[in-house]
Each structure stands twice: as C-alpha cells, then as structure tokens.
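Participant: Mind having a look at this structure? Questions to follow.
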C-alpha cells in the first residue's frame with residue numbers, strides 16, 4: 001500500500017468511483033465491485049487488470065479505514081485551501097490559529113538539521129516534504145531488497161504445479177553474527193532515541209521527528225561490529241532454495257514468495273522474491289482459461305456408428321463415448337479433467353473429434369466402401385441436401 005508521502009499525488013475517491021462525501025457502505029460496495037471485476041484470478045496473466053486491482057486495493061486501504069480517511073481528508077483540505085506556497089511548497093503554511101511555519105526550518109530545505117514530522121499531520125507532511133536534500137532525508141530501510149528471476153516450465157508442469165530448485169546470488173544473513181551485525185550477536189538499544197529510531201521535537205501545536213543521527217534510524221547501536229560483514233549483518237553469497245509453483249500458472253505470470261529476497265541489514269526482514277514463469281507449448285494440449293483443449297483423430301465409422309475412444313489427460317487417459325451420428329469437428333466435454341484450480345476443483349477437457357481419411361485402401365476396404373456408398377444412394381442420403389451452394 002502507498003505510504004503517506006504519496007497521498008499528494010493520489011485521488012483515492014476517484015480510483016473507487018465515489019465522491020469524497022460517500023458513506024462507508026458506499027465505499028465498501030464500490031471497492032468490492034471493482035475488486036471482483038479486476039481480480040487476478042479472473043484475469044490470469046493480465047498485467048493491466050492486476051494493476052487496476054492493486055490501485056483499487058490501495059485506495060480502499062486508506063479511505064476504507066476511518067482513521068486513515070480522516071487524515072487523508074484533512075490533508076486534501078489543507079492542500080485545497082492553499083495552505084502551502086508555490087510549486088514544491090517553498091514558502092510556508094499557517095495553522096488555523098494563525099501561527100506561521102517556515103518550511104525551510106521545519107522540513108530541512110535549508111542548512112542545518114531537518115526534522116521529518118511524525119504523527120497525524122506530522123506523518124503526512126514528513127514524507128511529502130523530506131524528498132530532497134542530502135543523507136538526512138534518506139529513507140530508513142525497513143527490509144531487504146526484492147529479487148526478480150525467471151524460469152521456464154513444461155506445459156504440464158505449469159498446469160499441475162511443481163517444485164523447482166533455484167540458486168540466487170545476493171545479500172544473505174551473515175553466518176558469523178546471524179544477521180545482527182554484532183560480533184557478540186547482541187546490538188544494544190540506542191540511548192539517544194530509546195530504540196525508536198527517531199528523535200522528536202515540538203514546535204507549537206505540532207510534533208516533529210527525524211531519524212536519529214546517533215543510530216542512523218535503526219534504533220540499535222553496534223559497539224562490536226562483526227568482522228566478517230563489517231557490521232551490516234549481511235554477506236553476498238549464492239544460496240539454494242526450493243520454490244513451489246502453484247498449479248494453473250500461465251505464461252508471463254509472476255509468483256511472489258514473501259521473505260525470499262535479499263536479507264535486510266542488521267536483522268531487518270528480507271525482501272520478497274518474484275518469479276516470472278514462462279510456459280512452453282505442448283504437443284497435445286492447448287489451454288483456454290482453466291479448460292484444456294485436445295484434438296483427437298477418429299474414423300468416419302466411429303462418428304457415424306458411435307464408439308468409445310481413449311483420450312489423454314494431464315494424468316491417466318480417460319474413455320470418452322462418441323454418440324452415433326456425431327458430426328466432424330464436434331467438441332465433447334469431459335468435466336473436471338482440465339487445469340487444477342485453487343480450492344481443489346479443475347476446469348474441463350474439451351475433446352474435438354476430427355475425421356482422418358485413409359490415404360490408400362486395399363481391395364477389400366475399397367469394395368466395402370463402394371457398397372456403402374451405393375447403400376447411401378439407395379437410402380436417399382444426400383450429404384449436400386440443404387446446402388446453400390447447391
């Protein structure tokens with residue numbers, strides 16, 4: 001979900017298609033409708049639908065929460081009333097009590113120590129105005145970096161799901177200090193910020209805070225840095241993991257594995273791993289959503305007289321009955337033999353029957369076929385009866 005420092009660029013009410021005066025029930029109804037229409041399960045492989053779904057979820061995360069919505073509305077009201085001066089907000093703003101703040105002093109646009117606001121309006125404004133400047137404005141890391149990789153699967157592996165080994169090279173927890181960054185494995189709590197990572201200061205009715213300069217915003221102090229990782233808690237190395245690919249993935253789909261990305265510094269959580277799946281074509285099957293399609297060659301006699309034939313599936317073959325008089329190209333449906341779905345069910349197997357004509361006939365077969373043709377004529381059968389081109 002978006003951080004508060006992105007609220008200035010968002011119109012969450014418009015994203016949900018409601019007015020800013022919409023009730024809680026109206027917002028929830030709009031969210032459910034849009035989430036259902038754009039859910040990734042309904043649009044596998046559709047990146048645009050996935051992006052719309054994320055946008056709607058982000059909007060509802062803010063305006064669907066009473067506390068966040070109040071802060072968001074207050075911020076929009078402040079912007080709309082001209083509470084900030086000029087592009088980039090270089091001037092200042094005035095509270096309702098008429099108290100002037102100089103943004104250069106408050107948000108560190110000038111020289112000296114800057115303070116990122118925290119709490120209520122402080123949280124909102126802190127992210128927005130602490131965008132430029134030097135190292136004091138650097139975002140405090142909260143976890144390790146995400147990692148992206150790609151794999152290629154056979155058609156049937158993707159349809160049924162599989163487990164694959166992967167080797168990844170990147171930041172991993174240090175073996176010596178187990179990710180703490182400390183030789184003893186026990187960093188101490190920063191006495192300057194009492195472990196919060198921030199130091200606070202009050203200016204009138206507002207409270208402001210900034211990353212602690214003593215600990216760099218981590219809340220921890222390392223007096224005995226680990227010699228193998230120089231106190232970072234991470235080492236760059238190659239590691240092997242096993243990745244479970246769920247059944248039914250489609251070509252181009254991304255699978256997210258939480259916590260399998262690069263390790264965070266000084267014991268912070270790891271990032272996520274995103275695996276983009278590529279799927280090879282199959283010689284027998286094609287896919288339509290959760291259904292499998294297969295074309296089976298049959299003889300004219302099997303269609304005319306009816307028969308039972310063996311048809312392949314993702315598992316064992318099944319027996320499929322062809323009713324007598326089945327036309328060429330008819331699709332027969334075998335329920336539950338398609339691509340597995342979440343929850344244990346599966347799509348269907350769509351069997352298209354296609355006549356194969358022999359390229360040559362022996363004397364006995366040719367004689368029998370001629371006898372059949374004569375019998376057709378005697379019975380008055382005309383294959384082109386009712387044909388518009390006749």
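For all residues, glycine too, the Cβ spot is worked out from N, Cα and C.
Annotations for this protein, taken from Swiss-Prot, read as follows:
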type    : residues           : note
DOMAIN  : 11-76              : domain 'J'
ZN_FING : 161-238            : zinc finger
REPEAT  : 174-181            : repeat 'CXXCXGXG motif'
BINDING : 174, 177, 226, 229 : Zn(2+) 1 binding site
REPEAT  : 190-197            : repeat 'CXXCXGXG motif'
BINDING : 190, 193, 212, 215 : Zn(2+) 2 binding site
REPEAT  : 212-219            : repeat 'CXXCXGXG motif'
REPEAT  : 226-233            : repeat 'CXXCXGXG motif'
Participant: When you scan the chain for residues with a C-beta under 8 Å from the repeat 'CXXCXGXG motif' (190-197), skipping those not six or more beyond its ends, what do you find?
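Facilitator: Those are 140, 211-215, 217-221, in sequence order.
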Participant: Where residue 177 (Zn(2+) 1 binding site) and residue 212 (Zn(2+) 2 binding site) are concerned, what is their Cα separation in Å, rounded?
Facilitator: 24
Participant: If one measures from the C-alpha of residue 226 (Zn(2+) 1 binding site) to the C-alpha of residue 193 (Zn(2+) 2 binding site), what distance in angstrom results, rounded to a whole number?
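Facilitator: If we compare the Cα positions of residue 226 (Zn(2+) 1 binding site) and residue 193 (Zn(2+) 2 binding site), the gap is 23 Å.
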Participant: Tell me the Cα distance separating residue 215 (Zn(2+) 2 binding site) from residue 229 (Zn(2+) 1 binding site), rounded to the nearest angstrom.
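Facilitator: With distance taken Cα to Cα, residue 215 (Zn(2+) 2 binding site) is 18 Å from residue 229 (Zn(2+) 1 binding site).
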Participant: Within the repeat 'CXXCXGXG motif' (226-233), what mean pLDDT does the predicted structure show?
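Facilitator: When the pLDDT values over the repeat 'CXXCXGXG motif' (226-233) are averaged, the result is 89.
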Participant: Quick check on the repeat 'CXXCXGXG motif' (226-233): DSSP residue counts for helix, strand, coil, in that order please.
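Facilitator: Once the DSSP states are binned, the repeat 'CXXCXGXG motif' (226-233) shows 0 helix, 0 strand, 8 coil.
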Participant: Taking each of the binding-site residues 177, 212 in turn and counting other Cβ atoms within 10 Å of its Cβ, which one has the fewest?
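Facilitator: Candidates: the binding-site residues 177, 212. Fewest Cβ atoms within 10 Å: 212.
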Participant: So for residue 226 (Zn(2+) 1 binding site), how many other CB atoms are inside 10 Å of its CB?
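Facilitator: Its Cβ has 23 other Cβ atoms within 10 Å.
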Participant: In whole Å, how far does the CA atom of residue 215 (Zn(2+) 2 binding site) lie from that of residue 174 (Zn(2+) 1 binding site)?
Facilitator: 20
Participant: Far apart in sequence but close in space: which same-chain residues, 6 or more away, have a Cβ under 8 Å from residue 190 (Zn(2+) 2 binding site)?
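Facilitator: Spatial neighbours, sequence-distant, of residue 190 (Zn(2+) 2 binding site): 197, 212, 214, 215, 218, 219, 220, 221.
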